[in-house]
Amino acid sequence: MALVTTAELCDANTTLIESGDLRALHPIFQIYGRRTIFSGPVVTLKLFEDNGLIREFLEQKGDGRVLVVDGGGSMRCAILGGNPVQQAQNNGWAGIVVHGCIRDVDEINGCDIGVRALGSHPMKAKKKGNGEKNVPVSFGGPSNSMALVATAQVCDAHQQLIQSGELHALQPIFQIYCRHQVFSGPVVTLKVFEDNTLIREFLEERGNRRALVVDRGGSLRCEILGGVRALASHPIKANKKGIGEKHIPVTIAGTRICAGEWLYADTDGILVSKTELYV
């Protein structure tokens, strides 16, 4: 059954779809782990920004089950990391579905298990063990050297900066492009709207390992730059009038970013700090 696709199941069971006995979750989940196809009996958890119960469950024998975690859709921290996923793989769990964020993406992608989550986030969750077990849940439906240090490690090593607001994590809204999945550098900012002339002007200069942050007003109507992090791709090209503002504070993905600050990015997420950090 594990090798039957969801499309095949829908085609073969239209009566169950009409009766509501077969339901499809909204396509809000990212795919992680080596198993892109998995199935199994469901075990549920309901919690919020606390992963103590997740660890407790995954330490048990999985017996081919799927752990479904309603994390309240939180985008403020990760409730699942690489170690518990490794444990789940070793204990025979078929998959994990998280209505929330994960971290340690590279490690999870190396595990022989299926994982679905809303996105990745470098900040870790609490471990108080608060939550509910085996309850109905409802989501996804109508009801430099520093460049090689993971953003999760930066967060773990600088809790005080997170609390003081000097280290911010951008909301996990960006897609990853190009071969450099991990990078860092001092920030240069631009604010434009459907016009890429200033971007080209900046990128013709010497980069000196800087990170160009472009606030394009959230527009998804044209392609500005086939860069490293972006909301999405689009086939229509932008204007070239040179309209925009340079070196000004920009606010994107829930975070205010100023020129001269330091940016770190990897597969877990994007961080911005007042100064360069070390682990």
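Glycine residues also receive a Cβ, built from the backbone N, Cα and C atoms like all the rest.
Residue environment of GLY81 (substrate binding site) contains 21 other Cβ atoms, counted within 10 Å of its Cβ in all protein chains. The substrate binding site annotation in TrEMBL covers GLY81, GLY82, ASN83, PRO84, ARG103.
The annotation Mg(2+) binding site is assigned in TrEMBL to ASP104.
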Cα separation, ASP104 (Mg(2+) binding site) to ASN83 (substrate binding site) (Å, whole number)
9
Filtered by Cβ under 8 Å and at least 6 apart in sequence, the residues in the chain of ASP104 (Mg(2+) binding site) near it are GLY81, GLY82, ASN83, VAL85, ALA150, ALA152, ASP268
For PRO84 (substrate binding site), just count the other CB atoms lying within 10 A of its CB, please.
24
Measure between the Cα atoms of every pair in GLY81, GLY82, ASN83, PRO84, ARG103, the residues the record assigns to substrate, and report the largest value in Å, rounded to a whole number.
11
